[in-house]
């Protein structure tokens, strides 16, 4: 009795994510701004309606391959942290730190900025239609939405998870309101926009990696359960089950949504639209013109919530592993949330929202993200080779991690020809982590710097009311 009471009072991240919440986390993270803004990027870089649909299906299949690889990694490696912990455990500390460096300074802030800007644009769309919403107003609403999610994740794990579940239902409703009228029009014979669907003259091969980046951005989120592995109930069973069901659901939903878009909107309409879902509703279902943008905005809100919820766990685990300041592995004494890790994204996301453009940000962070996802699945192959004796309750055929890794790394290499400026910036961001690793992480701080650092950490610890986790959860 006393032991149970002591555990109840202890400060640690509790297992509060059930199968339904894991499914909601994945659906809520995948179905966000991507399906409502990426159709334009996929169509622009694939060249035609037919090839864009092929890209969407290929991205879904590739996401399933990656999700299955991560499901196996999640049953082999029992720590939270996602990409970071998988690279650390399989390829070593240097690649994992480079990922952490790029994730914190480039990938995650840019991704969060893209989603929050989409949230602001769709939230304001009904008030300014048919004109575009003013850019300063969009950015202000984007930041307000992001700060609300940040506050919620600092306040309660349970309420963040409940919100994710509720918003997952909203996301599926938003897709249904696009799919149903589109399918009805298609059944009535409206197929004119599918004439010459595979026009080879408009296909530019060196732009295809950018089409895949846009499509994979819409599917991104299939890896989110790996970030919260220690907080999952029965992870050996629930990770593979949640991943398979959610990715299949999203593939079917995305294909039907894109077919609905193209049934109602022509190629030029999609390319000219700043908000494809709004343009669709204006043509197909004018009575819902004020409803669908709000549902889309709520979808983006759920994606922001899932992103903050999971990335804070990456910083938490990196700090625990000694590759990030120790303050960020601390938990609030009453809320039991990783408060410092949650709050750390505040300044960078604010900066990127203020200065960023959605499509440049998309190319900028996609390079680094897919480079390290490819390295993580390469790590699965390495881990199998090094530990053949290790029993895994879930195992995928070898060709899946091999083919997924090759495709990821090939797409990353090809993107240098497609968008050399953005990709070079992303590459420079990754490489800038080398001197930081060898000077600060691998090297030794002077005693004076160390004591000053400990003093600052102690003061912030008292201010934020956080302490180190008291019970090992892995």
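Note: Cβ is positioned from N, Cα and C throughout, glycine not excepted.
No curator has checked TrEMBL annotations; they are predicted automatically.
TrEMBL has this to say about the protein:
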type	residues	note
TRANSMEM	20-37	transmembrane segment
TRANSMEM	49-71	transmembrane segment
TRANSMEM	83-107	transmembrane segment
TRANSMEM	127-149	transmembrane segment
TRANSMEM	169-190	transmembrane segment
TRANSMEM	210-228	transmembrane segment
TRANSMEM	240-264	transmembrane segment
TRANSMEM	284-304	transmembrane segment
TRANSMEM	339-361	transmembrane segment
TRANSMEM	367-384	transmembrane segment
TRANSMEM	396-417	transmembrane segment
TRANSMEM	423-441	transmembrane segment
Of 49-71, 169-190, 396-417, whichever stretch has the most CB pairs under 8 A to the transmembrane segment (20-37): 169-190
Remote residues contacting the transmembrane segment (367-384) - C-beta distance under 8 A, at least 6 residues beyond either end: 66, 69-70, 72-73, 76-77, 83, 86-87, 89-91, 95, 98-99, 102-103, 106-107, 111, 213, 216, 220, 223, 390, 398, 401-402, 404-405, 408-409, 411-412, 415, 422-423, 426-427, 429-430
Chain residues in Cβ proximity to the transmembrane segment (240-264) (below 8 Å; excluding those fewer than six residues from its ends, i.e. six or more beyond): 19, 22-23, 25-27, 30-31, 35, 39, 49, 52-53, 56-57, 60-61, 63-64, 67-68, 70-71, 75, 172, 175, 178-179, 181-183, 185-186, 190-191, 193-194, 218-219, 222, 225, 270, 276, 280, 283-284, 394
Candidate ranges 127-149, 169-190, 210-228, 423-441 - greatest C-beta contact count to the transmembrane segment (83-107) (under 8 angstroms): 423-441
Residues of the parent chain within Cβ reach of the transmembrane segment (127-149), under 8 Å, 6 or more residues beyond its termini: 112-113, 116-117, 119-121, 274, 278, 282, 289, 297, 300-301, 304-305, 308, 346, 349-350, 353-354
Closest-packing stretch to the transmembrane segment (396-417), where packing means Cβ pairs under 8 Å, from 49-71, 169-190, 210-228, 423-441: 49-71
Contacting positions for the transmembrane segment (169-190) when only residues 6+ beyond its ends and CB under 8 Å are counted: 27-28, 31-32, 35, 253, 256-257, 259-261, 263-264, 277, 280-281, 284-285, 288, 291-292, 295-296, 298-299, 302
